[in-house]
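**Student:** Handing you a structure now.
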């Protein structure tokens, strides 16, 4: 995947207590911090933080809106180039989830004083190459010293004001499609104890570095009512936000959810990031599980790094969208997408998993 070498004198992965989006502040803690803040009234601010969406959107004119997002996190790999690629793909993903196209990016970089210069360059090169692949431009950034490495980007993109995809606009009857497997947090946690199969870990890195651009370019041709990308709040955390924001309930078929190999075994052994528990607490009693093994429950709360798009598509377009996505993705590291559930009329519980 890269021509860089892992530095034997500086272990990039072990420098991170919580790799990737596992370091993200929990959704519950974030809600508590922001609840007393109000967004300044501006008619051109089309999407703010009130619905916990993927990015902010500001209307420039009748044909153009600016999408603005930011993401950075600790290392997910001992290979600096792979870390740079995954961090960049994760940062770009919010633009795609909103239905937009990325254009400009700024590096956000925390380095330690003992990091080798070649390693720093490789992280930046990984990020630069991935942004270039996306058709966008890295045009600057900001770098500081810190106790542990962190990298990501602030990204700006554009979308037509009437074609914005939000996470809080799902409709009753929508079909839910997921474009990447879940389990990155558990897989990365197990890898720190050398308990993840090397071939599956390599596949995970390739999938995390895979842009959601292809899925975005296909889905915008169909009637999509809502979309988000699966990251730090886990599959069920993001589904909960979608259901709550949309005033709907959501039914999930857990056996249809695509997963990485070995993650169930790791979950059964308790090899999970702390985010699994904070995400479960965030959803609270707004969910009911029907005959779902505990390990699968934990897996669906697992914080994801550079996860797939969760697409809420009108039922009339679902079959055609699924077919086109399948043809486009089945020969990529991601493999075929999966239909994982349905949006239903709001009932007592927001989420029902069976």
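Think of each number as a place in line: the chain as shown, counted from 1.
The backbone N, Cα and C atoms fix where each Cβ goes, and this holds for glycine too.
The model shown is predicted, which means the values in this text are computed figures rather than measured ones.
Straight from Swiss-Prot, here's the annotation block:
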- 21: active site (ACT_SITE)
- 24: site 'Important for catalytic activity' (SITE)
- 24, 51, 52, 53, 71, 94, 141, 142, 143: ATP binding site (BINDING)
- 54, 94, 229: Mg(2+) binding site (BINDING)
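Set these features in their place in the structure for me.
**Tutor:** For residue 71 (ATP binding site), other Cβ atoms within 10 Å of its Cβ number 26.
Classification of residue 229 (Mg(2+) binding site) by DSSP places it within a strand.
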**Student:** Quick one: Cα separation, residue 71 (ATP binding site) versus residue 94 (Mg(2+) binding site), in Å?
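**Tutor:** Between the alpha carbons of residue 71 (ATP binding site) and residue 94 (Mg(2+) binding site) there are 9 Å.
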**Student:** What Cα-Cα separation, expressed in whole Å, is found between residue 229 (Mg(2+) binding site) and residue 143 (ATP binding site)?
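**Tutor:** Distance (Cα to Cα, whole Å): 27 Å.
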**Student:** Between residue 94 (Mg(2+) binding site) and residue 141 (ATP binding site), what is the CA-CA distance rounded to a whole number of Å?
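**Tutor:** Cα-Cα distance, residue 94 (Mg(2+) binding site) to residue 141 (ATP binding site): 19 Å.
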**Student:** Kindly assign residue 143 (ATP binding site) to one of the three DSSP-derived states: helix, strand or coil.
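**Tutor:** The residue in question, residue 143 (ATP binding site), is strand (DSSP, three-state).
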**Student:** So for residue 229 (Mg(2+) binding site), how many other CB atoms are inside 10 Å of its CB?
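**Tutor:** Result for residue 229 (Mg(2+) binding site): 27 other Cβ atoms within 10 Å.
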**Student:** Translate the DSSP assignment of residue 94 (Mg(2+) binding site) into the three-state scheme.
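**Tutor:** In the DSSP reduction, residue 94 (Mg(2+) binding site) maps to helix.
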